[in-house]
């Protein structure tokens, strides 16, 4: 015979204790109340859990598309140079124009959040990417390619800002880092798969047809985001989720309208020093990530004698990025979410030195994969910590995280462009020392953020440790 459940015993006790003094109706009311309380304690509403994971998986697809875009260009760089008869400097303007798009997207994100809201901004970003890919399908003149790189950067900046803000300001703070790591793990997954599609196209006459796949993916994801979020604002989405839990009293940061004068959101956000420190940490991080992912293939072909299949090394780097974001969060928690940023940066520097001084194609490819693995967790560590901690006023959290995520993507376009300029003048052999300088910039800027004394009584990153 099965043992009685704990709340069955509790109900029996209520009946026995109440029988001498209460009527049957009173006892039934007490029992119903107890059942309601116990049911609430037994766990959250399963409908709410399913809806939240459906929403989360949609944002993962959004980040997956970003990884697909960023990693698809690297294997095609040499083909684009040959098709348009241009040098390293000119082909690098693709990164530069994407950088301009990121900057415009970063500045416009606050305005879009207030005017359109979370859901519509996401769909707008994916739609802009779809238009950019569609125009690039027939391999138009190179100036048009540059303009479409700008449009792609604009769309990606909007989506990254909205997705990161949604996860970082979620209700369950204790799971924020895990969800942020998984979110950006899907970015890594997109970046892993993209070179497998781009490398075969790089050998074909119609190399630009890779954009047919990218355009189709963008349209599908835009439709999915509209279906899931229905164009609603972030606080409306969270409020509807909470409504599935009876009696929920949770509150969320709302997307308040821009205030006029000196108290406007832009001015308030930009007055917080740590916002800029963290934004430039992400600038260095994304710059390093895309510089290695974009130029490592060219480096190995030129310096290590790699062949056509070397393009898959880019997948190895992004594969390491994805694996690091998926499996290293427990280690990050154990070491300490702030201290581990310095540890990961040191290991990444060591792997870069291996690529620099070890003249082995296979050895350098393996080192690039390990470099991606230890770099991977840094981004979600920064974003989840900034969003879940008490650093920003509640009404500025969405704007601050959006700015950090959006402006941070500037690095993913600026530094690959600078790398192209340096490679054109000094040769691609300068990739490892340039990457080493960027690796050093991450812990240096992060240390400035930690030392910021604007609000010394509150930790920058929440976690179990204070080290």
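Positions of Cβ are set from backbone N, Cα and C atoms, glycine also.
Annotated by TrEMBL as transmembrane segment, the relevant range among 66-85, 86-105, 106-125 is 86-105. Between the listed ranges 142-161, 162-181, 242-261, TrEMBL ties the annotation transmembrane segment to 142-161. Sequence-distant neighbours of the transmembrane segment (86-105) (same chain, 6+ residues past either end, Cβ-Cβ under 8 Å): 73, 77, 80, 125, 142, 145-147, 149-158, 161, 290, 294, 406-407, 409-410, 412-414, 416-421, 423-424, 428.
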